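Engineer: Sharing a structure with you now.
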Amino acid sequence: MNGEQQLDADLGSGVEVEEFSWEDYLEETGATTAPYASFKHVDICLQSGFAPGMKLEVALRKDPETYWVATVITACEQLLLLRYEGYGEDRKADFWCDIRRAGLYPIGWCQQNKKTLEAPEGIRDKVSDWSAFLQRTLTGACGPPVALLEGLRNGRNPLDLIAPGSRLECQDFRDSVSTWIVTVVENIGGRLKLQYEGLERHDGFEHWLYYLDPFLHHIGWAAQQGYELQPPLAIRHLKNEADWQEILARVKEEEPLPSYLFKDKQVIRTHEFSINMKLEAVDPWSPFGISPATIAKVFDDKYFLVEIDDLRPEDHARRSFVCHANSPGIFPVQWSLKNGLHINPPPGFRSQDFDWADYLKQCGAEAAPQKCFPQSVSEHQFKENMKLEAVNPLFPEEVSIATVTAVRGSYLWLQLEGSKKPVPEFIVSVESMNIFPLGWCETNGHPLSTPRRARGHKLRKIAVVQPEKQILSSRTVHEGLKNQLNSPHSVMINGKYCCPKIYFNHRCFSGPYLNKGRIAELPQCVGPGNCVLVLREVLTLLINAAYKPSRVLRELQLDKDSVWHGCGEVLKAKYKGKSYRATVEIVRTADRVTEFCRQTCIKLECCPNLFGPRMVLDTCSENCSVLTKTKYTHYYGKKKNKRIGRPPGGHSNLSCALKKTSKRRKRRKNIFVHKKKRSSASVDNTPVGSPQGSGGEDEDDADDGDDDSLTEGSTSEQQDELHEESEVSEKKSCSPSPTQSEMSTPLPPDTQTDKREAQTSSLSDGENKPPSPKEIRIEVDERLHLDSNPLKWSVADVVRFIRSTDCAPLARIFLDQEIDGQALLLLTLPTVQECMDLKLGPAIKLCHHIERIKFAFYEQFAN
């Protein structure tokens, strides 16, 4: 795979698209959600199928091998409150059980399976003849269906029994009451995709119905009602009669779905409509207005045919649909006028103003009386500007966000947002089974069409970049983000949530955690766009630009004392082949972006202008050019007053021959001394010279407990970052003991004091000595004479010295990582290897020169 292909693959695998967030969308639009209780059909589908008073056989809680009869007292979704028979009205022994886990069986199961049926110990002596007692108790009792209990034992809800491939009966709701078999293609939360039996999927006769729809029934319903099973007229010509009968015979041999699944369906009452009665109606196939309509046919006392009036010649197709007495969308004449609504005159109507009195006289018809129509739902909780999820009437496979634009009686006017094609405002009943509460699609795994502006709000690109691919990948991911934010298909986000461009000012001081070289390779800016989206990308790039990404992720981790009140976003980091995750708080509004960036910079101990909405061209307002890796806290301080330890034997880089290397490294206890106040005349006690760490890296020792809050990826070994970072800190901090000549060299007062403190508060150097591949000896015959105090060397002075040695190729690293004299004096072999990515040979060679500087410092300037 070439570089470009690898890059494309990395980009493709590193991008995640998150789902639409209702919470963010409601905040942006200032809307409210329709109450969950308003969607009765959704609430019904969550019911378990159990009802108070049902009896069943249940295992005793103290003896699972023994069973007794219990009565359902209360059913609450998956929980049942049960009472054993014999306790009467005594509630003390009532108990709750999970219907999926408890052993629940129908009455008679114990006898069939030769199980012990015995009363609980608490009431065992209460009745002398339990057999007679049960016979009296169970006479006329009802229990849950056997299929329901079997399904629950297999981990299936009642609704799950309507699985793909199941057969049902469906009435033809266009022109007659003929009923035919349909096959369930999909079941999404009770919303069924159906196909007429005998047809192929590509025939175009698939349709969607909710499982409680009045026109959908269990197998056998037509025979019970006296209706004939025959295919609808629209498909009848596709096969001959013999083929249809063969299909019917095959279906009848199959075991049907249990009828109790449909027990909550609406009961159809008898109607009082007559042929030629006039009314107002909403065409269910085009529910965008109210039109005059006529009762064209009465099939029986339950069903009739409504036809939308059309005064044009007969060769035009008539729009008709089957109704029953409770059908929504039919109104008495003048209903529109009384509710201040417009009624669409029938096509071919010549007058501009439609008047019912004139129209009835013209047609010679009578209006259907008020008593024929269903009772209006007087109490519901829908209000204008509420949001919900609704089926697209033109494309029933699509569910979109909808806004209630008007409420009239028990009817809603909805406007879809985010549908694939524009759809006019349409009318639904408050009891429609094509509307759903907030989050229904997400809960049931149904795709939700969302507005483009909202979709842009939550689209996120997450770059989890390998360290060695950081430079190239970060640029590529940024280009993808830029293209997304500037896409012509995205609509401008609400200004309150629109983040300005965030610039990376790589000339500013990068601090102890961030690699200045990697910062310089980041894109110039990210954004503009949604605040959460842009800031998430910025923080991801910064984490990947760190010496130790997991350390920066821990610094950024959500603090319980946070004052931002933003949103928590899960960010990722990779370090040494392990993946880490942590929740980081990000502000959501544009007015807080500047301060958020500044405080994040301070938290990372870098220049407050390193990244933010302001581009630094030449001179930083913070004058951060005077800062080095060792001088940050003198100017900005630390957010937390952490205890920082000094590495034992900090004056020497290499192990000496005076002590043997310990065979096995022991875990060093984290005992620390307080940080001394910085003085320009003394060597800083904190290991800030480490390019990776400054004070922060040895804070790993003090903060190891914090790493438990980082979630390690599944690919890592079975140990947390606490152990990993302890080892790293140990390796860096446990420098070998000083040489004999060092020990005889007088030290500055502060240094001597600190050395005594470190020696009394830490374990012996013999225990802390890191393992080395072989004993390393350093001869210090080559005396070095220094013209200036290395403690006061600038970065340029350090680079100049390195270039004068045989380690000149490494000078660039010292320049990039801004290592000044103080930092140079604190470098150790483990630190050099880890932070400069040097192999052992070059690292030893470099440390040899650093050792010479240290000896010269002690001899010339220590006093």
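Every residue gets a Cβ built from N, Cα and C, even glycine.
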Engineer: So which of Ser709, Ser714, Ser764 shows up as phosphoserine in Swiss-Prot?
Structural biologist: Ser764
Engineer: Name the residue among Ser737, Ser772 that Swiss-Prot annotates as phosphoserine.
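Structural biologist: My reading of Swiss-Prot gives Ser772.
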Engineer: With DSSP helix as H/G/I and strand as E/B, how many residues of the repeat 'MBT 3' (242-346) fall in helix, strand and coil?
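Structural biologist: Per-class counts: 19 helix, 27 strand, 59 coil.
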Engineer: Can you count helix, strand and coil residues in the repeat 'MBT 4' (354-451) using DSSP?
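Structural biologist: The composition, in the requested order, is 16 helix, 31 strand, 51 coil.
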